[in-house]
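Asks: The structure is given below, and queries will be raised subsequently.
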Amino acid sequence: MARCERLRGAALRDVVGRAQGVLFDCNGVLWNGERAVPGAPELLERLAQAGKATLFVSNNSRRARPELALRFARLGFGGLRSEQLFSSALCAARLLRQRLLGPPDTQGAVFVLGGEGLRAELRAAGLRLAGDPSEDPGAAPRVRAVLVGYDEHFSFAKLSEACAHLRDPDCLLVATDRDPWHPLSDGSRTPGTGSLAAAVETASGRQALVVGKPSPYMFECITEHFSVDPGRTLMVGDRLETDILFGHRCGMTTVLTLTGVSSLEEAQAYLAAGQHDLVPHYYVESIADLMEGLED
């Protein structure tokens, strides 16, 4: 049972030593805004030198994989391959490719509530997008899925169009994630994809299929490409309701870092309430603290 224990000393060396790999969330864990968390790039280098696999799981649907890789490089995280990066946009593209692609005469289009990064990921998967300028308006395919991602230009008109498509019972409703809000550098919050997905669900009377954390579908996407033993893998994140719950659902050892969204007090409140799937096994002040576990 997870008890939210401080990870240090002999326990730290044991937990990190036994781990074959580590899954990291990104924002609030590796960086905040445009600044890397102190010691984070060095930790990833040390993990690689120790032969520990590192993979990265983000609910951010704003960036396609190549753009996300550039962000890693810009913030000082070198030596990573784009194949190590898994976003909710990438996972949504995988799911829709599985569900929609078939013979040319049966392929449908995706109506997207989201930005260009999400659209780029879908195009890279060979999917057709409703309203895409490259499509012939006279030969536009039927919309067979509505995808809700992070959309800075969400509007009543877009909501209405999404609901019109969803009146077709065979039209899928997919959301990249349910994060309700995201923190800004000034301490304020901006609505997240979860807020937009809730609006579409309420207006359409439909329930979205969610691909990002805490859905195990994201772990399924990872295991398609990497051999991961969840019993010997750490899930390190900053949000209890997504990262830590995801880790528990997938059978990993969970570590909360206190450089992001969730606080130690929130974790302890979940522990007191018996909501153990939202309680990390361990916590650290920063992921830089994990380097002690790699020392000889």
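Quick reminder: no glycine exception, Cβ is built from N, Cα and C everywhere.
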Asks: Using only what Swiss-Prot says about substrate binding by Ser58, Asn59, Asn60, Lys213, identify which of His165, His182 is listed for that site too.
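Replies: Record check against Swiss-Prot: substrate site with Ser58, Asn59, Asn60, Lys213, extra candidate from His165, His182 is His182.
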Asks: For the Mg(2+) site that Swiss-Prot assigns to Asp25, Asn27, which of Asp229, Asp238, Asp277 is also named?
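Replies: Checking Asp229, Asp238, Asp277 against Swiss-Prot: the Mg(2+) site match is Asp238.
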Asks: Counting other Cβ atoms within 10 Å, pick out the least crowded of the binding-site residues Asn27, Asn59, Asn60.
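Replies: Counting other Cβ atoms within 10 Å of each of the binding-site residues Asn27, Asn59, Asn60 gives the minimum at Asn27.
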Asks: Would you identify the secondary structure of Asn27 (Mg(2+) binding site) according to DSSP, in three states?
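Replies: In three-state terms, Asn27 (Mg(2+) binding site) counts as strand.
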Asks: So which of the binding-site residues is most packed in, judged by how many other Cβ atoms lie within 10 Å of its Cβ, out of His182, Lys213?
Replies: Lys213
